[in-house]
Amino acid sequence: MAQIRIHEVNTRIENEVEVSKFLQEEGVLYEKWNISKLPTHLNENYSLTDENKAEILAIFSKEIADVSARRGYKAHDVISLSSSTPNLDELLINFQKEHHHTDDEVRFIVSGHGIFAIEGKDGKFFDVELEPGDLISVPENARHYFTLQDDRQVVAIRIFVTTEGWVPIY
């Protein structure tokens, strides 16, 4: 279950109902998908082959199709980041630049952890700390950035409005 940390006051929201309510009020789509159907050989595997990535997409194809039909998404892929990722530190520096997009930024966490820092409607930032099974859609034009948690590894399905993917506006 995702958790929220509000930057300015350094408070946390950990209760499932309160997390969902907070995100809904901020216009952030949050869903919990069944991660238990992921086979053992893909669980916590951060060195994925193209075949592994295709298998992950097939496993969650119904969920991807459902959210895509509801929200108009047209493309998806799988990304894996870990200590074995070339230039991981450089990538993270780039990811941590505050930006927005003219479309939603959608991620489903398959393994590992990630954090979206999002500017709230009140202009203050909050973190959404994500774990396996969490799907988040950062709304279009919301200022945000993405980073990893202390384990510095994540496998995520990215879902896009267009086949070109997201274009960051800094």
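We number each residue from 1, going along the chain as drawn.
Positions of Cβ are set from backbone N, Cα and C atoms, glycine also.
Bear in mind that the values here come from a model prediction, so they are computed numbers and not experimental data.
Marked as Fe(2+) binding site by Swiss-Prot on the basis of sequence analysis: His99, His101, Glu105, His144. The Ni(2+) binding site annotation in Swiss-Prot covers His99, His101, Glu105, His144, and the record cites sequence analysis as its basis. Feature annotation from Swiss-Prot assigns site 'May play a role in metal incorporation in vivo' to Glu98; the stated evidence is sequence analysis. Under the heading site 'May play a role in transmitting local conformational changes', Swiss-Prot lists Asp104. The site 'Important to generate the dianion' annotation in Swiss-Prot covers Arg107.
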Ask   = In sequence order, what residues of the same chain, 6+ apart, have a Cβ less than 8 Å from the Cβ of Glu98 (site 'May play a role in metal incorporation in vivo')?
value = Ala117, Glu119, Arg143, His144, Tyr145, Tyr170
Request  = Rank the recorded positions Asp104, Glu105 by the number of other Cβ atoms within 10 Å of each Cβ and report the first-ranked residue.
outcome  = Glu105
Key: Assigned element (helix, strand, coil) containing His101 (Fe(2+) binding site), judged by DSSP   = coil
